[in-house]
Amino acid sequence: MTEVLTAAQMRAIETAAIASGDVTGLELMERAGRGVVSAIFEEWPELAPSWGPAPKPPEYFLQDDEKGKHRAVVLCGPGNNGGDGFVVARLLFAAGWDVEVFLYGDADKLPPDAKANYARWLELGRVCAMSACTSERWVGQPLVIDAVFGIGACRPLPDTVRNVLMATVNCPRIAIDVPSMLSSDTGMMLSPMWGGVGAARLTVTFHTRKPGHLLEAGPENCGKLRVVDIGLGRFAVAHQAHVRLAQCHTIGALGKGNGHKYSHGHAFILSGGIAKGGAARLAARGALRIGAGAVTVGCPEAALVENATQLNAVMLTSVDDAAAFEGILEDARINALCIGPGLGLGAREAALVGTVLESGRAAVLDADALTLLARDAGLFAKLHKSCVLTPHAGEFARLFPDIADRLNAPATKGPAYSKVDAAREAAKRAGCVVLFKGPDTVISDPKGRCSINASVYARAAPWLATAGSGDVLAGFITGLLARGFAPQQAAESGAWLHTECALKFGPGLIAEDLPEQLPAVLRALEAS
Ligand SMILES: NC(=O)C1=CN([C@@H]2O[C@H](COP(=O)(O)OP(=O)(O)OC[C@H]3O[C@@H](n4cnc5c(N)ncnc54)[C@H](O)[C@@H]3O)[C@@H](O)[C@H]2O)[C@@H](O)CC1
Ligand SMILES: Nc1ncnc2c1ncn2[C@@H]1O[C@H](COP(=O)(O)OP(=O)(O)O)[C@@H](O)[C@H]1O
Ligand SMILES: [K+]
């Protein structure tokens, strides 16, 4: 499942499923709890009962030596996440575990399905108030199930809950749906000063990933992430509204068929002056490797010799000023532009950004071009729908300071504002695609079509934090624009391939290595 659903979308799906008569809320809760217990037993087979990872077979008996062999503490909250916790407590008990259950909140106020499972648990064991326990109570617990808050939490944690979660940071912890100190819509901590310690070992979520599993502090706090199917597959949210995991679009479109080089597009990369050309050369190499038929670097006359010693398949021409570039653009075959990497921030460069935008051609604006756009509202107003902006967090804050402030403000009430919301708002304001970089790169177009290239969990590629890797990404996207990809698809595919190249190379990666991984990555994609 490539959809990433917010809490509101998840609730809408659950409501539709229940309204259809297909399933009751109680049954969904049972499936969720069962999914959590199976996931635990699959993850740690040594914890599973003699009958295997199923929570409970229809006819079962516990062997004597299984009774009390394992121990868990289940922390339940006041909503349906707590309800899932009571189901897990019951199923672990059925597998012979010693289970202690603690509740935050008032049992009388539990929602109906959670209350039903609370009552079922009371037939087997006790429930203690979380608030009545001192911090020593939590030390050294072998397994803690965090069922305090799920998708319903969007404001700072109550002190009782915060203290219990802090006191169990060193215990192996399994989070139901989402770690309770994390906003499922944003991936941000609900309690400031949390300190970044105490990740869950495993987070088990339902139906699809939520933005909070992928964004910001989410991945480092979820531990491993498992998505459990609870039978909601046929219920969908409106297509426009949802966020997807980034993927590589129509790899077939990258094949070369029978055309000649110019039928595969001509990308033009603008460079800075003497000793500033490395970034543009990296972008050019990326654009060529990804399949642009021809790539040219344009630099000031004075830097021609330096660039000529470093470029072979990439062509080179002088661009001293905006007027010279206007002349070059009379060649209609140049169909994708890249400006910003190593560009500089002077008057020549600002005028070149203006020319790029006035040409109306597909263009990637990165690095210094973003700073120039932030400085000049007139330039910013020239952005159009064939542009792609590729800011990292610092550049994003320069371009969209109010949006960045809103994103970085601590959540005090819902609905939460996420990196997805920020990228959407920025793209709408700019009137073009915005690719907001990071391990959690978010790509949005002005209509809010949005995807996340999550370089986390199995796709973690921390080696990408190396000088020049952003320049290569700008080149990848420019190359895909030259191949005729629409801006959103070019940005999404470029980001996805960028991560794949880093994964293919692994540790020790430097920016120069990235384009050289593309042949193998593309071949593997074609084969699959
Ligand atoms: N939506 C679905 O499709 C399903 C949801 N299920 C479970 O239900 C959960 C969502 O349940 P709920 O919507 O009841 O939400 P939660 O159980 O996540 O939390 C909501 C409750 O916590 C309180 N609360 C939230 N933040 C608080 C704070 N900072 N201080 C004090 N109280 C706070 C709210 O007032 C409300 O009572 C999911 O995360 C999941 O675990 C599953 O049972 C299966 C299906
Ligand atoms: N820890 C990380 N995991 C995955 N990708 C990362 C990480 N850090 C940075 N990146 C990616 O590496 C690239 C860095 O780009 P940028 O910040 O512009 O750097 P530079 O200007 O040095 O090239 C971006 O695509 C970003 O998403
Ligand atoms: K939880």
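Backbone N, Cα and C define each Cβ position, glycine as well.
The (6S)-NADPHX binding site feature in TrEMBL is assigned to 80-84, 150-156, D177, A279, G342, H392, D471. The Cβ of C154 ((6S)-NADPHX binding site) has 18 other Cβ atoms within 10 Å, all protein chains considered.
Annotation source TrEMBL lists K(+) binding site at N81, D146, S180. If you draw a 10 Å sphere around the CB of N81 (K(+) binding site), it holds 26 other CB atoms from the protein chains shown.
Under the heading AMP binding site, TrEMBL lists K437, G438, P439, D440, T441, G470. DSSP assigns D440 (AMP binding site) to a strand in the three-state reduction.
Per TrEMBL, the feature domain 'YjeF N-terminal' maps to 10-238.
In the predicted structure, the domain 'YjeF C-terminal' (244-525) carries a mean pLDDT of 95. Sequence annotations record features per position, and here TrEMBL assigns domain 'YjeF C-terminal' to 244-525.
Using CA atoms as reference points, the binding-site residues H392, K437, G438, D440 were checked against N81 (K(+) binding site), and the closest is D440. Among the binding-site residues listed (N81, C154, H392, K437, G438, P439), H392, K437, G438, P439 have a CB atom closer than 6 Å to some atom of ligand 2, in sequence order. Mapped onto three states, the DSSP output places N80 ((6S)-NADPHX binding site) in helix.
Other C-beta atoms found within 10 angstroms of the C-beta of K437 (AMP binding site) number 23, with every protein chain shown included. A 10 Å radius around the C-alpha of K437 (AMP binding site) takes in these binding-site residues out of N80, D146, S180, H392, in sequence order: H392. Long-range Cβ contacts of D440 (AMP binding site) within its own chain (separation 6+, distance under 8 Å): G187, L214, L215, E216, G218, P219, K419, I452, A454, S455, V456. When the alpha carbons of T441 (AMP binding site) and G83 ((6S)-NADPHX binding site) are compared, the span between them is 34 angstrom.
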